[in-house]
Amino acid sequence: MNVKEPAEEAAIQLRTERQRIEPEGEEQSEQPTDLRGLFPEEIAALLTPWGQPTFRGKQIFKWLQNRAVREVAEMTDLPQALRVRLGEAGWLKPLAPERHRVARDGTEKYLWRLADGELIESVLMPYRRAQTRDRVTVCLSTQAGCPLSCRFCATGRQGFRRNLTAAEIVGQVLDITHEKRKDDPDFKVTNLVFMGMGEPFLNYDNVRRAIGLFTHPEGQAIGQRRITVSTAGIVPGIDRFADEDWEVNLALSLHAADDKQRSEWMPVNDRFPLAQVLEACRRYWEKTRRRLSVEYALMAGVNDRLEDARRLASLFKGWPIHLNLIPVNAVAGIGVRRPEREPTERFLAELRRWGVDAVIREERGQDIEAACGQLRGAAKGEEEA
C-alpha cells in the first residue's frame, strides 16, 4: 500500500482546495435542500409546484431566520396540511447539539453533530456593557476540519473533512439563538466572526450566501459592519471579497513577518507568499477604503522578539490597519509556549513606537478550549457543562 506522508497529503488537499476558490470555473456540488440555506424567493419557488402562494416564501423564511424555530410544527400560521407536507419532505435540518460548555468568563462553546456525522464547533461570546447595549458575538465554523494545516492550530491538525453548506453555517447562529431564547425571549446575536474551524475563502460561495442570509432584513438582520471574515491569505478570495458590494470586515491571519517563518508555521504561505498576500490586502484597501484587521499569534521564542515587531511594523507602514496580538493558546501536542506578559507588553510597545495601531486581544474561553486556535470539533476528552 502506498501511504502518503502527512506533508504530501496536506499539499494534495491544498491543491484540491485551490481549484475551488479560483474565480473561473468554481464548481459547487449539488447540495440537499435545506430551507435554512434559502432566501424567501427560493423557498417560494420550491413551493410553487405545490400550488402555494408566493408569500409563503417570506412567511417560512421569517419563521426560520428571524424566530429561529427548529421544527415545521412551530410555524403556527401555516396551514396544517402544508406543515405536514413540509415535515415529510425533510427540508429542515437543524444541527444536533452534541455538547455545551460554559467558561468562567461566560463564553460558551457548542459542539454540533451534522447530518452526516461530522462534528463542528461554535463559540458564543457575550460582552456586557454599562452604557450601551450588550454585544453578543458568535465565532462561526465554515468547514469540518481544515486543509491548511497551520502548526499552531488544533483544527489544522485534524485534517480536512468537507465544506459546510450555507444552511450549516447559518444554523450555528439559529440553533444557539433557539436555545438561548428558552430563557431569554429577547436574545439576539449582534456580531459575527468567521474565525472558527476552516478557511472561509476555501468555501467562498457558501460563506457569501450565509452572509446574505444573516444580513437579510426579514431574518437576523445583522449589520454588515458587525461581521468579520478571517483568512489565512487566500489571494483569489481576498480579491473576490474586495469586489463585493458590502461593508463586511476583512481580517488577515498573519502570524509571521517573513516568508521563511510563515511557511514553517503556515504551509499555505508556500502557495500564496507574503508579498502576494500583502499586495492583495492593499488592493482590498484601495478598493474599499475599509481598515484591515491583522491577527498575530505570539509564540514564545518564535516570533515575539523586538526585531519581529519591527519587521512586522515595516510590512504595514502607511496602512490604516488594526493589529491584534494573540498570545498563543495551549493546544495538546503542538509544543509552543505562550509568552509571558512582560515580553508581550514590550512587543506591543515596539509596534506602537513604529506607529502601528495594535492591542493585545482579550482572550475568551481558554478554560474550555474555546479560544483562538483551540477549536477541534471532537467529542472525546470534554466534560459537559
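Using N, Cα and C of the backbone, Cβ positions are placed for all residues, glycine too.
The active site, proton acceptor annotation in Swiss-Prot covers GLU121. All protein chains considered, the CB of GLU121 (active site, proton acceptor) has 27 other CB atoms within 10 Å.
Summarising the annotation, Swiss-Prot assigns active site, S-methylcysteine intermediate to CYS372.
Taken from Swiss-Prot, the feature [4Fe-4S] cluster binding site covers CYS146, CYS150, CYS153, and the record attributes it to sequence analysis. Taking all protein chains in view, 28 other C-beta atoms sit within 10 angstroms of the C-beta of CYS146 ([4Fe-4S] cluster binding site).
Packing around LEU254 (S-adenosyl-L-methionine binding site) is summarised by its Cβ count: 25 other Cβ atoms lie within 10 angstroms of its Cβ, all protein chains included. The S-adenosyl-L-methionine binding site feature in Swiss-Prot is assigned to GLY198, GLU199, SER230, SER253, LEU254, HIS255, ASN329.
There are 27 other CB atoms within 10 A of the CB of CYS139 (disulfide bond), with all protein chains counted. The feature disulfide bond is assigned by Swiss-Prot to CYS139-CYS372.
In this model, the domain 'Radical SAM core' (132-367) carries an average pLDDT of 93. What Swiss-Prot records for 132-367 is domain 'Radical SAM core', and it gives sequence analysis as the kind of evidence.
According to Swiss-Prot, the feature region 'Disordered' maps to 1-35.
In three-state terms derived from DSSP, ASN329 (S-adenosyl-L-methionine binding site) belongs to neither a helical nor a strand segment and is classed as coil. Neighbours of GLU199 (S-adenosyl-L-methionine binding site) among the recorded positions GLU121, CYS146, CYS150, defined as a Cα within 10 Å of its Cα, are CYS146.
Packing around CYS153 ([4Fe-4S] cluster binding site) is summarised by its Cβ count: 27 other Cβ atoms lie within 10 angstroms of its Cβ, all protein chains included.
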